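S.K.: The following block contains the structure, expressed as structure tokens.
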């Protein structure tokens, strides 16, 4: 941006060097002083997604994407994709979604589960009617470094959960510097699978940060689906689940051979293994279970959805079927450009990184289940949900985790000594949906007919689950509420689908954005531009007045028309551009899109960042997710 401005002052229109007066030298000094921030510091506009190839017809959803540096020494950058909420309920909320692995991209969640779009094919996006961005801002992050679109030097992959959470706090600090309007939101950390380790560690790191923070973050809840949270409870569950689901017959030869392996695993757990996150002898149980249950076509069970079969040795790694479209879509050059991927990211997008996974084998970190009691006791609400057809992180293990955990003066779902909270039948739109159970800040939901990636199978039901957990109040919004019932009784209204905002909600949002406006200006460097423009204006006015005053004194002041041309060229250079766009020239904007991209949809004027300001004064084996 500075180079664009300073070029306007270098020459007159005829090419002659412009001779600065004392006043113009003062202005140039001001520009030089402020130059480095203008050229190096990114603003929110640098992350703005102006178009998205294959998007449905109509205005594009408001979104930002790109990299935030978390480890300068090792070139560590985390990629994020953020969607602004489509409707405003009673409170402003942000849901941060993480997939597992470790080393599997949260683009799984964005394009196959809870994001606003799903792929119809590798060229075309369609709306996800159960998207989680309806009443919450939605933030997907590829982490740890090296995952998905994120990157780091190849000798600097992470090993421990504390390292991961430290990076994440740095990421959030910088994210909120760029987007201060979201810093006061209620924050919910959500994800699945190995994110069952990541999420509690990040939550603890946030609470630790808040102790000394000038602006504490409003962490309200955690949502973990089919989570790898307690290996000591999950490893022994494989055989139990296989028996219950009829994958293996008890007392069969196969069962007996697997029980021998299970006893070795149990011995490891009882001799220090309960404080470990990965135990090789226990991993063997699942591997052998899959290899000993091949069908007549020599296909194994899909470990993420036992209703399906897959080729050996994948056994689920080729699932879900949408994955065949996600990878080529995210490797398209126009998509990479639209999502503001840094040139330093040399390799194309991969769902799961083997290098990250093989490096992230914590030796010092304790299982995240040991962090849950203190989080619950601190007032953080926790929702554990399980798709009932998942094998690898099955619901039997999750239920055993809850039964064994002590917090808040009780064990498991005790409501009083020896008395447990009842299980409630949940129906959604007239069909059995699952089971709800709750006690002392912990909620458990078993989702019928769903896999390791429950939102993939049941987008509307899981959205309803989210809204209830966040206590979304849609009274002021309207629309047709979903028919969701517990034990036959209709629950407080939630809605799934598009609905207009209420006037009151819009006014509340405008006021919130107005309060954040100057903070956003100051952090993005726009205030600097305002100062420069004011300086130019004052200087120009002073010169004009002086010339008018002394015009009658012939020869005393020689009128140099180049001064006027500077201001004119400056105005012409900047007009028609986003005020936050730096030196992003309009011709460069045209270069973003190739001529054959006629089906892409661009945001209309009122959806740009600049107009918001004007308008609002506004996948180890745990992978693939």
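Using N, Cα and C of the backbone, Cβ positions are placed for all residues, glycine too.
Straight out of Swiss-Prot:
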ACT_SITE  193  active site
ACT_SITE  390  active site
ACT_SITE  452  active site
COMPBIAS  492-505  compositional bias 'Polar residues'
COMPBIAS  590-604  compositional bias 'Basic and acidic residues'
CARBOHYD  122  N-linked glycosylation site
CARBOHYD  441  N-linked glycosylation site
CARBOHYD  449  N-linked glycosylation site
CARBOHYD  501  N-linked glycosylation site
REGION    480-511  region 'Disordered'
REGION    574-625  region 'Disordered'
TOPO_DOM  545-625  topological domain 'Cytoplasmic'
TRANSMEM  524-544  transmembrane segment
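Show me how these features fit into the structure around them.
M.R.: Of all the Cβ atoms in the protein chains shown, 31 others lie within 10 Å of the Cβ of residue 193 (active site).
Here residue 390 (active site) comes close to 226, 303, 304, 305, 306, 450, 451, 452: these same-chain residues lie at least six apart in sequence, with C-beta atoms under 8 angstroms from its C-beta.
Counted within 10 Å of its Cβ, the other Cβ atoms near residue 452 (active site) come to 30, all protein chains included.
For residue 122 (N-linked glycosylation site), the same-chain residues lying six or more positions away in sequence with a CB closer than 8 A to its CB are 324, 325, 328, 329. Under the three-state DSSP scheme, residue 122 (N-linked glycosylation site) falls in the coil class.
Within its own chain, residue 441 (N-linked glycosylation site) has 376, 377, 379, 380, 381, 382, 408 as residues 6 or more apart in sequence whose C-beta sits under 8 angstroms from its own.
For residue 449 (N-linked glycosylation site), the same-chain residues that are 6 or more apart in sequence and have a Cβ closer than 8 Å to its Cβ are 388, 389, 457, 458.
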